[in-house]
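Taking it in order: structure first as structure tokens, then the write-up.
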């Protein structure tokens, strides 16, 4: 005669199974609740973000901090992508691209570092910058339209990129062991975004070489952030500065010494009164050699 469980045993087993199921569901819900929520869910939608704070970065540059929907939200911007800000200014729709200096490790806010072009200050921009002046005149609590993620490049990690030739083309994989980056002014923000993503991963072997151009030494924004990256990752991140108007008697050689069109001097190795030998110019390579297919 086979074993026949008693009704009491079946009831106990049922209660035990329900308890285990409840614990599993509860654990899943807890993990899900701790997972940051993404702000930019649809690249075609506009998201109204509220200005939290502004900070002066330099004589003509500010950091604008915008609040995300909740303190547990992240922006949801892949490395290599940017956002668009739009506003109705003097009856016209003005749209400008920006790369945040914060990442998805920062919850509850997003920071943009923007150079403010005021009217009548810069000869190349006599009317000033429409969007930058608009942002400069915002009051705490005002909202701005954000849209994204946008862009043709995404950094996957460990030297792997996904790149589109244009908006209509499919993304193709590319791999790079060394990245040469050139930036000027606030154009440093996408380079900083990429360099930080690479360097925070100790298993990412990609090397970064950055040349940062500015008018004067006081125009070098995010300098402390860049020099900190170089100090922390001397074998993976190399930094050079070039200035149109270098300071007299500077402790560092911040300008390019033009010899045959090539001369990159490491900022930490130059001092007043002496210059290291000029490196040999690299051999020209076809565009396709910068990235190679995996």
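Positions of Cβ are set from backbone N, Cα and C atoms, glycine also.
What TrEMBL says about a protein is an automatic prediction, not a curated fact.
As recorded in TrEMBL:
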- 96, 97, 98, 113, 115, 130, 131, 132, 189: FAD binding site (BINDING)
- 285-294: compositional bias 'Low complexity' (COMPBIAS)
- 44-156: domain 'FAD-binding FR-type' (DOMAIN)
- 267-294: region 'Disordered' (REGION)
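In the three-state DSSP assignment, the secondary structure recorded for residue 96 (FAD binding site) is strand. DSSP assigns residue 131 (FAD binding site) to a helix. Of all residue pairs in 96, 97, 98, 113, 115, 130, 131, 132, 189, the annotated binders of FAD, the farthest apart have Cα atoms separated by 20 Å. For residue 189 (FAD binding site), the same-chain residues that are 6 or more apart in sequence and have a Cβ closer than 8 Å to its Cβ are 98, 99, 100, 101, 112, 113, 222. Mean model confidence of the domain 'FAD-binding FR-type' (44-156) amounts to 96 (pLDDT, 0 to 100 scale).
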